[in-house]
Amino acid sequence: MFERSRYTIDQIDPEVFAAIQKENQRQEDHIELIASENYTSPAVMAAQGSQLTNKYAEGYPGKRYYGGCEYVDIVEQLAIDRVKQLFGAEAANVQPNSGSQANQGVYFAVLKPGDTIMGMSLAEGGHLTHGMALNMSGKWFNVVSYGLNAQEDIDYDALEKLAQEKKPKLIIAGASAFALRIDFERIGKVAKSIGAYFMVDMAHYAGLIAAGVYPNPVPHADFVTTTTHKSLRGPRGGVILMKAEHEKAINSSIFPGIQGGPLMHVIAGKAVAFKEALTPEFKAYQEQVVKNAAVLAETLIARGLRIVSGRTESHVMLVDLRAKNITGKEAERILGEAHLTVNKNAIPNDPEKPFVTSGIRVGSPAMTTRGFKEEEARIVGNLIADVLDNPHDAGNIASVREQVSALTKRFPVYG
């Protein structure tokens, strides 16, 4: 028997407890600007820490290979119903353990090794699971990539021409570092014209899409994959949305195709997050995410930094650092010393190596969760620029860190 009072983390494992406490303090003290990170609600975390972690549930609601699944069936069906409502989807699978596995599930459902796929080039903003040479998607399939035009928007004309020439079996839209709106309808028409499947990976934009502040790909795509964290503000995991005609193939692809027992405690967290995302408060939050990102970009531009594509129409932006004579790797480290957390990121046609880069990726979801609005976004933009203007001045870094501390104390993550 486990007596709850005797089995607390601090008693059983002081080392892990200490690390958790330090990470909690870091999240409170630092302004999180990594576009793919966010803060989940205590309700989501409570679901993930529940007894559902004990339950094996291979299969799907009503069709399990284990007994005792009547209550986890309720949880999974709630998650399915809510995510379908959230995005207007015909069918959904909430079992993928990650966005990458959601993508893999689609590939296994409709492709064979050697088939041709077409996705956005990783070097110009795509994702490694869309055909990068070192990723399984690049090893198992013949990959052709589309990219950006001179205005650093997706080159839709070139995309269409390439699709007509190469006749891929699957066209993929979606990105990990692209700030503008993606014309899912146009790409969907290209796919239809050549008889290709169309998959959208909306992992970065899902929260914005749920709130109606970014185009919804669901009406135009055969499959839509997403993570459930990032802008959606749920637990770490994945989801596949699909047309009803593909539901059986996708379900078989996930189980028994690439996964065994689903993580029911995480699916519970997904269900809670989807319920939160259906509220008016979540819509208002996403509207503020977009406003904050726009102000952040405008501030950085005013301070002499170049934003790839010249602006953002979403939650994310790429900042070209070459004018400041600093690499993304160095900027990430120095901004971190000032308690501003960003990630190094390649810019289009980046001359630097992938682990060095000429840019950083900056996003607004996490700081907006804290309660930041336009005024704070402007302050953050100026603080970033202050660091980059004098990156090797210890006094400057200390001054910025003090200003960050004043902000984070006013806006705690978990009050």
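Glycine is treated like the rest: Cβ placed from N, Cα and C.
In Swiss-Prot this protein carries:
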- LEU122, GLY126, HIS127, LEU128: (6S)-5,6,7,8-tetrahydrofolate binding site (BINDING)
- HIS229: site 'Plays an important role in substrate specificity' (SITE)
- LYS230: N6-(pyridoxal phosphate)lysine (MOD_RES)
Original post:
Same-chain residues six or more away whose CB lies under 8 A from the CB of LYS230 (N6-(pyridoxal phosphate)lysine)?
Top reply: ALA35, SER36, GLU37, ASN38, ALA203, HIS204, ALA206, GLY207, PRO365
Subject >> Additional residues around (6S)-5,6,7,8-tetrahydrofolate, ordered along the sequence, whose Cβ is within 8 Å of the centroid of LEU122, GLY126, HIS127, LEU128 >> reply: GLY119, MET120, SER121, GLY125, THR129, HIS130, GLY131, MET132, ASN135, ALA175, SER176
Original post:
Cβ distance under 8 Å to HIS229 (site 'Plays an important role in substrate specificity'), same chain, sequence separation 6 or more: which residues?
Top reply: SER36, GLU37, ASN38, THR40, PRO235, ARG236, GLY237
Subject >> Chain-internal residues, separated by at least six, CB under 8 A from HIS127 ((6S)-5,6,7,8-tetrahydrofolate binding site) >> reply: GLY119, MET120, GLY174, ALA175, SER176, ASP201, ALA203
Subject >> Which of GLY126, LEU128, the listed binding-site residues, has fewest other Cβ atoms within 10 Å >> reply: LEU128
Original post:
When you measure from the Cβ of LEU122 ((6S)-5,6,7,8-tetrahydrofolate binding site), which residues in the chain that are at least 6 apart have a Cβ under 8 Å away?
Top reply: LEU128, HIS130, GLY131, MET132, SER145
Subject >> HIS127 ((6S)-5,6,7,8-tetrahydrofolate binding site): secondary structure state under DSSP, collapsed to three categories >> reply: coil
**OP:** Could you tell me which three-state DSSP class LEU122 ((6S)-5,6,7,8-tetrahydrofolate binding site) falls into?
**Re:** helix
